[in-house]
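Worksheet: one structure, shown below.
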Amino acid sequence: MAAAITDMADLEELSRLSPLPPGSPGSAARGRAEPPEEEEEEEEEEEEAEAEAVAALLLNGGSGGGGGGGGGGVGGGEAETMSEPSPESASQAGEDEDEEEDDEEEEDESSSSGGGEEESSAESLVGSSGGSSSDETRSLSPGAASSSSGDGDGKEGLEEPKGPRGSQGGGGGGSSSSSVVSSGGDEGYGTGGGGSSATSGGRRGSLEMSSDGEPLSRMDSEDSISSTIMDVDSTISSGRSTPAMMNGQGSTTSSSKNIAYNCCWDQCQACFNSSPDLADHIRSIHVDGQRGGVFVCLWKGCKVYNTPSTSQSWLQRHMLTHSGDKPFKCVVGGCNASFASQGGLARHVPTHFSQQNSSKVSSQPKAKEESPSKAGMNKRRKLKNKRRRSLPRPHDFFDAQTLDAIRHRAICFNLSAHIESLGKGHSVVFHSTVIAKRKEDSGKIKLLLHWMPEDILPDVWVNESERHQLKTKVVHLSKLPKDTALLLDPNIYRTMPQKRLKRTLIRKVFNLYLSKQ
């Protein structure tokens, strides 16, 4: 412990006495105002007291730093043998200590308790003796490694960190890096792996020595972390979507934007936040306000702009296309569709049930394909025929016009054959006219009668005395000659289907058999 404090004092004296090359970073720091001698002495006394306290903690706790497999760290709190620092590295360390002292003065002025929280470079030297390499600048061979840490190694096993931790790093075996002159901070620490190097920093920036001896200045990782946290907070408050907010889900709900619904009616500048409000405004102000029986749409850009109409309901339905309101919602559960007109809703609702029927029909062929047996094929054929019979006829040609045509033909047929008026519905009444007359050798007079309707009965010669009886002749429909009866009407002797004819014959034979018994 005494050797470490002596080395620290020698390091400070060398840093004050050694000249700095022009243009080096230390020259700018040396140009700053140095603190008074009394304050320096007080700070040195505080540093020595803190160093002794840390050494006592290290010796009592027995915490040792992890030394590398080919590195320069030793365990158990043993002091590491240090080589004599070069003038350039000593001057650089002195400059670093001057900067630390200036920063300590500023923190003492801002907070009375700041001096107790900060730790000097002597503490880092003593802490490094418990398991870290020296804070002196040394050049290492490619096969060797050194591990450096802040004052946090001595306190890690005793108390929890109070402030933000510095960067903790561990390198692989056989790596080489330059040691760090740490300015000290709140609980900054670094742990060295097997032959690895680790750097630590506190709240203030640390100086890292490169291989060529020039200091490399970098910002604390805590500052960058805090700035990142502030960016995330501002992003969350503004409602923007960031990858940090997504949490692996791929998307987040962004803040809803207010969409303005403007009324484009002539000489109307109203603006609304929703389409239902705009629709109510149009209906109450512009549609219901029109009087006189003539209704026009004065929406700017409308294809029927200023076109008069006598239907107010048409104008109300038409204005729904301008307002974008869809008040007619689907009544089927789970469907969120809405429509601007009731007709659109009426066309939409049956699609739900047609989809269900189609899904059932589509599931049936799958079941059929699974069992393509002969019995299944016969069953399918029967179902197909049954379905075909049960289906109604798509076309019905017996309409009113066809009925009028049949009635007209029946009237004409009755006028010629008198079936309904004189034949009692089953006989045809023929009327005769004399078309010829002759006198035979015996002196008798013969008359040639022609029957009406024509071409059904043949002409016949009768005696003149029989003329009065044969003016009319009634013939049953079944007695008419079949070759000429079709001329009377084609439906009288209509051909019967073969199956129906067989059925009729079987019934007649059965009735005849029953009558004989």
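The backbone N, Cα and C atoms fix where each Cβ goes, and this holds for glycine too.
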From the set Ser24, Ser86, which residue is assigned the annotation phosphoserine by Swiss-Prot?
Ser24
Per Swiss-Prot, the candidate from Ser141, Ser371 carrying the annotation phosphoserine:
Ser141
From Ser196, Ser238, Ser359, Ser390, pick the one Swiss-Prot annotates as phosphoserine?
Ser390
What residue among Ser211, Ser224, Ser309 has an entry for phosphoserine in Swiss-Prot?
Ser211
Looking at Swiss-Prot, which of Ser63, Ser149, Ser210, Ser237 is flagged as phosphoserine?
Ser210
Quick one: DSSP breakdown of the zinc finger (300-322) into helix, strand and coil?
11 helix, 2 strand, 10 coil
Kindly report the helix/strand/coil residue split of the region 'Interaction with SUZ12' (407-478) according to DSSP, in that order.
16 helix, 30 strand, 26 coil
